[in-house]
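Features reported for this protein in TrEMBL:
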- 594-610: compositional bias 'Low complexity' (COMPBIAS)
- Cys696-Cys706: disulfide bond (DISULFID)
- 624-727: domain 'SRCR' (DOMAIN)
- 544-624: region 'Disordered' (REGION)
Amino acid sequence: YRLSARLDERTYAACAGHLQELLCQECSPYAAHLYDAEDPSTPVRTIPGLCQDYCVQVWQDCRSIFRSLSADPELIALENNMAKFCRYLSLEDTDYCFPHLLANQNLNQNLGLVTADAEGCLQLCLVEVANGLRNPVAMVHANDGTHRFFIAEQVGLVWTYLPDGSRLEKPFLNISEAVLTSPWEGDERGFLCIVFHPKFKFNGKVYVYYSVEVRYEERIRISEFRISPADMNVLDHGSERIILEIEEPASNHNGGELLFGDDEYLYIFTGDGGMAGDPFGTFGNAQNKSALLGKVLRIDVRNNDRGPLYRIPPDNPFVSDPTARPEVYAYGVRNMWRCSFDRGDPHTKEGKGRLFCGDVGQNKYEEVDIVEKGKNYGWRAREGFSCYDKKLCTNSSLDDVLPIYAYPHKMGKSVTGGYVYRGCEYPNLNGLYIFGDFMSGRLMSLKEDRATGEWQYSEICMGTGQTCMFPGLINNYYQYIISFAEDEAGELYFLSTGVPSATAPHGVVYKVVDTSRRAPPGKCRVEPSPVKVKSKRIAFVPKEKFIMKTPTPHPRLKTTTEAPGGGVPEPRTPRPPAVERAGQGSRTRTPSTAAPSGRAPGPGRAAAEGAQRRRKKPPVSGSVRLMRQGRRGRGRGRVEVFIDGEWGTVCDDGWSLPAAAVVCRQLGFPYAVRATKKAEFGEGTSLRIHLDDVQCSGQERTLLECSHADVGTHNCSHEEDAGVVCGREEVTD
């Protein structure tokens, strides 16, 4: 209307329609194409790309309106030369010129939907934003208008990244000497989370969650730090105040999430204490409201400079229950790994405040929950929708809340919770909960059906064909998905690595991109507040490459009722891409075709012959076998491990069910029924004793990955040879 008011009556009658059409293209689903915003090396257009015939028509009748639409001096200089003028406004890809694209059925048939392949797998792309990180466990922002983001490494360092992608040389936080972790792949201890106080801009407070050892006792610690008065990009390391410490009875299931809700309370997500099956007490830690483990806690850290370090919110659900800890907000959780609050729909705010969590399962299922005050999420009575402890599961007083989604271990074995996308740049993703699996590398999504309240599952694939063939985009990532993140503007990221060790610098941060529809140019522009930088800037150099060819589908494995021979099972990682990467190390396939965790090929002659051929191969270090009465045991027997070219036994000092689970899984059995001691299956007197003091979390691939004394070092005899009983069915008390 403002521009139309400048037109005389004759020009208005001829040109007002064109004026409106051109202005409205900023809101077109294809605005990124029309304004040539895909290529960062070219300036964004001020006028959408026009088809030749339309441009000629507008030029002949209404070329004067372009002075109102654009201040581009080159365009204005060409105003009186129709051929050059229309050539200047043309697009190389004529499929996208206006207005012909409106009638292009290939472009318009799926508007409002994320592009999917023939199997319904949503096709997305990625932008690499950080690399060379050691198990990046968290990425957060300060919500202070600076649009910085902060990436935490498991070893205990946090790095500052500026809006231009550069990293500051001096870490934001370095407590690596205090953090308890190790180089073992899969070690769950370490620096696990960082979160900024909602009023950080005014009080400078930051909270962290990490593992620590205090007088030979492992604990999880939640501490408060303040920003350094001398540098806004560094915490004052001397300002640490320990808010809460909780003893950890085992090295796994440490939880590791901190969040602030809209209520400005601090939410703390703890694991059940570790081992397997939550074996602590009568009903386990998770169902015991007097324990802080296996819970979602909620505390008030506002105005804590004087008086107690934290207070109990008055509406916490169990403040009046003398048998419960008042910090408990929800219970019955196993090991929630990565939770997030929904920002709500950008326009209606629908969904705002919902708390989504991924809860890692035991033997069969992974689950996604929406956490609500006072609710019981079922563990250890239930795993996913299935009963785990049958006695607890049939208890009518359990009154547990079922997950919104659960998936079996053939799809993945360790869920990583994500976010509901509420960003600006990719409108088709709005309302989609995007999450992943650490072990299988699958990216997944859930979309709520508003009519039924049910959540519909769609797998996410990396874009094929030309979907991701834009400058700066890639279509592959490292398998082990550790965490998800939002930046200050609400755009979505995930963090993964090719080597899941706290000391391996193979971690990469990726931004999720949906090329099916971009927001109009300029709509999502942010103006970061200035940042005073005192440390050296390290420019970001991307290393990942776009893979031109898509790999062939990997055949799914059939199951068998027979256990394979002893030894380390062949890797279940997907086949590598057809085109080798030029980035860091090797890369697994995109999760859409990731092979499920399965057993060897099905029964029959070919399978039997294949098994015979495998047995002829020499065992690799870490292989195991079971011996019983001088013969190979099938599912039960004395454990013997192959190390340095010879078989040897394992002492029962520290021998436990998680260690037995490692052995049984190597031999193809899904469950460890019992860990035996005192040479129950006979003494291996003709062999050396290879391992002693073995302690496992149950997630290791071989006993060599567990904690143990040096190979060949022991203080035991063969009277203490360890054994196992494996099974194909779950056995509960």
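Cβ from N, Cα, C; glycine included.
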Least surrounded among the disulfide-bonded residues, given as Cys696, Cys706, when other CB atoms within 10 Å are counted
Cys706
Confidence summary (mean pLDDT) of the domain 'SRCR' (624-727)
89
Where DSSP helix means H, G or I and strand means E or B, what are the helix, strand and coil counts for the domain 'SRCR' (624-727)?
16 helix, 39 strand, 49 coil
